[in-house]
Protein chains: 2
Amino acid sequence: MPQLKAKSLEMRTPQATKTAVLVIGGAEDKVHGREILRTFVSRSGASNAYITIIPSASREPSIIGGRYIRIFEEMGAQKVEILDIREREQCEDPYIQASLEACSGVFLTGGDQLRLCGVLADTPAMDIIRQRVRSGQLTLAGTSAGAAVMGHHMIAGGGSGESPNRSLVDMATGLGFIPEVIVDQHFHNRNRMVRLMSAIASHPDRLGIGIDEDTCAMFERDGWLQVLGKGSVTVVDPTEVTHTNEPHVGATDPLNLHNLRLHLLSHGDRYHLYQRTVLPAVYRISS
Amino acid sequence: MPQLKAKSLEMRTPQATKTAVLVIGGAEDKVHGREILRTFVSRSGASNAYITIIPSASREPSIIGGRYIRIFEEMGAQKVEILDIREREQCEDPYIQASLEACSGVFLTGGDQLRLCGVLADTPAMDIIRQRVRSGQLTLAGTSAGAAVMGHHMIAGGGSGESPNRSLVDMATGLGFIPEVIVDQHFHNRNRMVRLMSAIASHPDRLGIGIDEDTCAMFERDGWLQVLGKGSVTVVDPTEVTHTNEPHVGATDPLNLHNLRLHLLSHGDRYHLYQRTVLPAVYRISS
């Protein structure tokens, strides 16, 4: 049966692949089952996949890019290349643009999310990725810093170990692939619940998504996200909040947030971004 | 005006004092405004207060007890004494029982909550405190370990920095003054959100109350709790939870909890233990 399944994946053309956006909490398994990275390759077209790796967040782009090249090649992708974009000007390079127009999967590595946004935001390369993701031609994955940039608002840094307050988190503008969400990564591993709640208090029109290490929130184009991997995806939903202190009060004053809704999701659980409904793994409709 | 208020407090007799249970997250201000400790003395009868300090949680009961004696005396309490209970047998001592029958306030210090429960649980001394608190004759306060023991189920220890799971928290039996709650203290200061959620997942008939340092959840006899101090009180309410994984699954598997309700409360906010309603400080009815 597993062989049959693998074969049917191989026979799919990239056009028939169901694209998705994989938001990975960092430190994903690169050695053993590699479920998350395997799913990325599969959603990029499996043996027909043409994957580009953008390591711009990293200060060691060749090393980190090289590691992912080997992994994706081992998994049977047809073509894998690094787009070593270090300067904004490179985003106008016709070769890079042609690669982004032709590929079936883009992988954003970890590193520094501010650096990644600084290089990519508002560039022709970025426009190509966004437009092709939106129209279902391209599967996108980002891990760690590559996950942080997914929302319109981005967490650039922050603290832990104190009472929630608005000054606890530093916000910036992300790449906006999924503008509705504010992503936080290495989530429970680095005790980031408080900074995500603080971010959501200042942006109550967004949804907080905290993703643990070796865990992925995979967003489908129909609005469902599904959890893959070994940890939790935490959803912080401020829709029903009845009271919060105003942003103009002291930024270090403790935060009020009354009637926050919170979901701890794990492998196989689904959550609908627009309906705000949650579906346990046991009721999963196979796709 | 402040003088008038102080005077009216002084004129109250202990009988007229509105008793309460003050659950303090540890490290309460002992030097400056001392709002929480001052409220404890006021609720114990102000200048008519007769306060007993139970330092049984601590390995240095004389030092910690001595510090609180000086503070409560400075605040004008009529009588303050340490009940230096180190062994269960002392809980049958007629002198200790007489003190507990006569006093208007009991203060449980920090230290080790297992030690405190080991000494006090199921003793005649404990029965006196519980019965007098219940009938509104006695104000009770506990800080840190003294706060942890308030519920029927007690958090004895636990971890942080990993995905929520049932093995992350060690539970024991508390002293049960407020059986409905599971208290966690030094809450955001020590990143304890995950262990409280894990505790609540295993006891979904209880309410999680996480209390930050220098912060107090003051429980009135009518079911309202009010927040005092400088940090947050976090309420984790599982009433509406639609799904959680069963306790019999692997204890280290990541926890599912769908539709948890969460409140971040701060100074002046109120929450009703039975109605599960929240009242922002701005709508506070003066008492």
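Please read every residue number as a count from 1 along the shown chain.
Cβ coordinates come from backbone N, Cα and C, glycine included.
Predicted automatically and left uncurated, TrEMBL annotations should be read as such.
Positions annotated as active site, charge relay system by TrEMBL: B:SER144 (among others). Within 10 Å of the C-beta atom of B:SER144 (active site, charge relay system) sit 23 other C-beta atoms, taking all shown protein chains into account.
Under the three-state DSSP scheme, B:HIS186 (active site, charge relay system) falls in the coil class. Taking Cβ-Cβ distances under 8 Å and a sequence gap of 6 or more within the same chain, the neighbours of B:HIS186 (active site, charge relay system) are B:GLY25, B:GLY26, B:ALA27, B:SER144, B:ARG192, B:ASP212, B:GLU213. Feature annotation from TrEMBL assigns active site, charge relay system to B:HIS186 (among others).
The 10 Å shell around the Cβ of B:GLU213 (active site, charge relay system) contains 23 further Cβ atoms across the protein chains shown. Per TrEMBL, the feature active site, charge relay system maps to B:GLU213 (among others).
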